[in-house]
Amino acid sequence: MASSLDPHAVIVTEAGSVSEGPLTTADGQPLQKALARSSRAARRRAFWLVAPLLAFIVITFVIPIGQLLYRSVHNDGFSANMPEISAWFAVTEPGTAPDEAAFTALAADLLAASEARSIGTVGTRINYDVPGTRSLFTSTGRQVRRGIEPPYQAALLEIDAEWGDAEIWAAMRGASTPYTDGFYLASVDRTRDIDGNVTMVAEHRQVYVMLFLRTLWLSGLITALTFLLGFPVAHLLATLPMRKSNLLMILVLLPFWTSLLVRTSSWMVLLQQQGVVNDLLVWLGVIDDGGRLAMMYNQAGTIIAMTHILLPFMILPLYSVMRTINPAYVRAARSLGATSWTAFRRVYFPQTLPGLGAGALLVFILAVGYYITPALVGGSSGQLISNMIAEHMTGTLNWSMAAALAAILLAGVLILYWVYDRLVGIDNLKLG
Amino acid sequence: MTTGSRDADFVVFDHVQKSYDGQVLVVKDLNLTIARGEFLTMLGPSGSGKTTCLMMLAGFETATHGEIRLGGRNINQVPPHKRGIGMVFQNYALFPHMTVGENLSFPLEVRGLSRSDRAERVRRALDMVQMAGFETRRPAQLSGGQQQRIALARALVFDPELVLMDEPLGALDKQLREHMQFEIKALHERLGITVVYVTHDQSEALTMSDRIAVFNDGRIQQLATPSELYERPQNSFVASFIGENNALGGTIASLDGDKATVRLSNGEIIDATAVNIREVGQPTTVSIRPERVEFKPGMMAEGAHTIDAEVADVIYMGDILRARLKVAGQEDFVMKFRNTLGQTKLSAGEHIRVGWHPQDARALDPV
């Protein structure tokens, strides 16, 4: 009763009923539009502020990755220089045996490419798929230029009997279009046979799947090791008095500030057969002089050196999370009747998970793509997929292959990130 | 059995000393006996040793010297999780990764109770703090007052006989704090538990406690009921720490039993009750509560000494008026008087004479 007599109450209810329908400004313009206009200038200014960074990211990150993905499916080294045989491949079914028309086209292309001096590019492209065939193209090209007579099938086979090899024809068919999935197939140790079916490559050439698996396994192991070693250190850092924890922090960070190469080389000094660790073990009588441990140029070397180098990436996120955990939580758990182990397991450890997740993700992703350390101390059993990518970049110059391997690695990391997001939630990630 | 004596000395601190660095004693020779069912508050400024005492009782700190007994048993070497003491922490310390229900069932789980027993106890504990239906919430989804209730429920859910509270209401706003004071007090009475409560808020201590131990400098300055503490402080620290207080410095002019007169620095004589005074001529601080100061001659005791005062200002505070006076050369002498109908109006610059009942002026040790 009292409220209905209150004049303010009436006004409030009237104002409430007016607010139905789209809102407008005082002079009748739609409110949405007015808001957009009033904030446009601020938005433009904000855009110019981030524009340099945007340009930097596009130039150094988006474009190169796009290039890389493009290269992994595109290679016109063969198709651009061998148009006639490519045309013949286009109109015939996979598995068709090369006839006289095919050899005629091949001879014409070889002649043209040889004269245009692009025969080397062609040979290199086929050499990716069938090793040792580059010289087949260049030498045949030279002979064709000296002049050959039809029938071309017989003539070419006389120059080199390898021209009858079905494997080469399958490789040429695969390379006859500029866009190909061949490099991805090769990255998982597969290829297309003469009939166009996907098959495994010869056993002695199956390396990539094994390398991918080894990379995942070693990265997982190294992540687990950094966790085991880093967790107590991070806890110590977070709980020691300031002066001592600062000193410890410097000890953790000091290797971080040292050149990667220096750190890896010092591991070489320590771990080699005549190195410090072996000398010490021999001196202590743990092993005899003949039984010196091989801790270098194998997987053990890669694991030891990479665990050490990646340790700070585990410790720092863990530390930053642990520092924020109020010691009262563990005390509360203890006062409620939990033993110190239960208090750790049920109360302390779950609260470190955001840091652990961040650290593990960081270490794992870094380890998956690590290159220098395995290259220096890994020997042959400690090589990772990144070393193979580098080999293709700088050694065989098969950039398409390197791109395909790198793209698979990138996809793997993205999948891992997605799985992490689904399991733990990326919001729970705490890097510092 | 000696349950009778056990009840009176349920918790005993026996000559307890504590030092963290081997150079400074944080707790100096603490002797304190707490009876079963008592609500005892440890009150003192920060750094006075009260929290250290609580932590020693909870088991998170070890006594450097002396013995702490719980129910007649020496618990110096008993780890915290075997003491069976409930504890409410300053910022509640509710486990953020567990729901309210999981928080409450944690102490029951580690004690190996069955699932159905746990559910029943959790439900009862939540009912007790009027938080039924909040089992599935996370602590972060609760308001400060609600978190406080859950922390209380968690400390009580396993039926401890002794509950420690470490400034549990410090983070709440004033109104909520007063409400929770009342609720904690009501719970204490209903459950018959023993509570040791640590605070630096004297009004909280006065409203809730059966007895208050005032800490300063690692020692208990006075252990008494709230009214005793307020009305008969034993030394200047207690007098100034509890409530508002006027302190006048002077020397003892005459001493007759507990009746004394004190000569102030400007030569005026006032009446006082001697508390820890031994001889004439001894320097002293006279402590007088502002609400016991009178300025109307009819209200003063027969033959009481009065002294000159000049009104500096009068602050209107609603239920009372608070006058700041200049007395015996001292600027901040405070007098409080009730805002009644027809109360004498004082104005700044006015000269009046003030006095008090000799019992209300206590001659204590000099500050």
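Even glycines carry a Cβ here, placed using N, Cα and C.
Going by TrEMBL, these are the annotated features:
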{"type": "TRANSMEM", "residues": "A:46-70", "note": "transmembrane segment"}
{"type": "DOMAIN", "residues": "A:212-420", "note": "domain 'ABC transmembrane type-1'"}
{"type": "TRANSMEM", "residues": "A:216-240", "note": "transmembrane segment"}
{"type": "TRANSMEM", "residues": "A:247-270", "note": "transmembrane segment"}
{"type": "TRANSMEM", "residues": "A:300-321", "note": "transmembrane segment"}
{"type": "TRANSMEM", "residues": "A:355-377", "note": "transmembrane segment"}
{"type": "TRANSMEM", "residues": "A:397-420", "note": "transmembrane segment"}
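Outside the transmembrane segment (A:46-70), and at least 6 residues removed from its termini, the chain residues within Cβ reach (under 8 Å) are 403, 406-407, 410. Here the transmembrane segment (A:247-270) has Cβ contacts under 8 Å with residues 233, 236-237, 240, 276-277, 296, 301, 304-305, 308-309, 311-312, 315-316, 372-373, 376-377 of the same chain, all six or more residues outside its ends. Using a Cβ-Cβ cut-off under 8 Å and counting only residues 6 or more beyond its ends in the same chain, the transmembrane segment (A:355-377) has close neighbours at 215-216, 218-220, 222-223, 226-227, 230-231, 234, 260-261, 264-265, 267-268, 271, 296-297, 301-302, 305-306, 309-310, 313-322, 383-387, 389-390, 409, 412-413, 416-417, 420, 424, 428-431.
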